[in-house]
Amino acid sequence: MTADFWAGYISGAAGILIGNPLDLLKTRLQAGSASSGVSITTASSASQSYRNQFEQAGTLLRGATAPILGYGALNALLFYTYNRSLLLLNQPFSSMVPQVDHRVLNSGGIDRLSITSSPPVPNLLQIWMAGALGGLATFIVSAPTELIKCRAQVAGPGSNTSSVSIARNIWKSEGVRGLYFGGCVTAIRDAIGYGFYFWSYELSMRSVSSQSDTEREKTWKILLCGGLAGIVTWASIFPLDVVKTRVQTQRYPYAQATSASEREGLLGFEQRSGQRDGGRRGALEIARLAYSAEGLPVFFRGLGVCSVRAFIVNSVQWFVYEWMVGVLL
């Protein structure tokens, strides 16, 4: 495998370790009060509800196993596919096929490509398209990883919530198809989101970078632009992510409820949303029911927490990526 593949893997795993506590809170806010048995809708109880999302120290890493293993692979596949897609998209605008020299390949795959002649610099539309293709390529990893992670994060504190046990239960009861439940909305989210991810990173880097930058200045600009790219990405897809979370966690908390109060709260949620025992609901119906019950703000619940997490995680992720590329080349 190439340097960008392994750098993507390591940076993805590092990002999950740093961001998982805030990701847990985001998921529970998106899934709604039914998922955790905690009310999060009133200002008077807001402070207590945020504390209640973390019942014990182990909760901070709940659901982290699947993303650490899966998101490392996802990030590796993302960067590998993005760089190659960008080269292919740029070929029609060049009189020759650019040849990559991995000794100088950077995260964006643009300003440090060593080639036999100089092709045109990819425009921002090409960058967005390459990012979207990279996002689609990650579907095979992201769909099951997100499903397992979300179900682990919303389950009650007394239930069997390890990523391995959840994956095993899904496999036994539903097979491979069960692991890809909610995969369609996940694929759409990833294609759009990663398109804006690389687009915003390259746009901001081109805006602030200078050939006279010192190594220290380059580091700070990578951290800044990586963080901004994370915020732009999540802002562009957050309503889709809310729907995805609710699709993948519907009915699951009820099966894992460990107390009478949890079961009562979850039954109340099903009655309010019109859900009864039977088949699961699709993304469009979930979105319609969420809007009917809670209005437009429901699609932005947790965006503040997510933005803070996105800036921190993606700053570190881009820095680790760039550093690892330099180490591996």
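The backbone N, Cα and C atoms fix where each Cβ goes, glycine too.
Pulled from TrEMBL, these are the features on record:
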- 1-88: repeat 'Solcar' (REPEAT)
- 122-207: repeat 'Solcar' (REPEAT)
- 217-327: repeat 'Solcar' (REPEAT)
- 6-25: transmembrane segment (TRANSMEM)
- 60-82: transmembrane segment (TRANSMEM)
- 125-143: transmembrane segment (TRANSMEM)
- 178-199: transmembrane segment (TRANSMEM)
- 219-243: transmembrane segment (TRANSMEM)
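Within its own chain, the transmembrane segment (178-199) is flanked in space by residues 78, 82, 108, 124, 127-136, 138-139, 142-144, 146-148, 167, 170-171, 229-230, 232-234, 236-237, 240-241, 243-244, 247-248, 280, 283, which lie at least six positions past its ends and keep a Cβ under 8 Å from the stretch. If you average pLDDT over the repeat 'Solcar' (217-327) in this model, you get 79.
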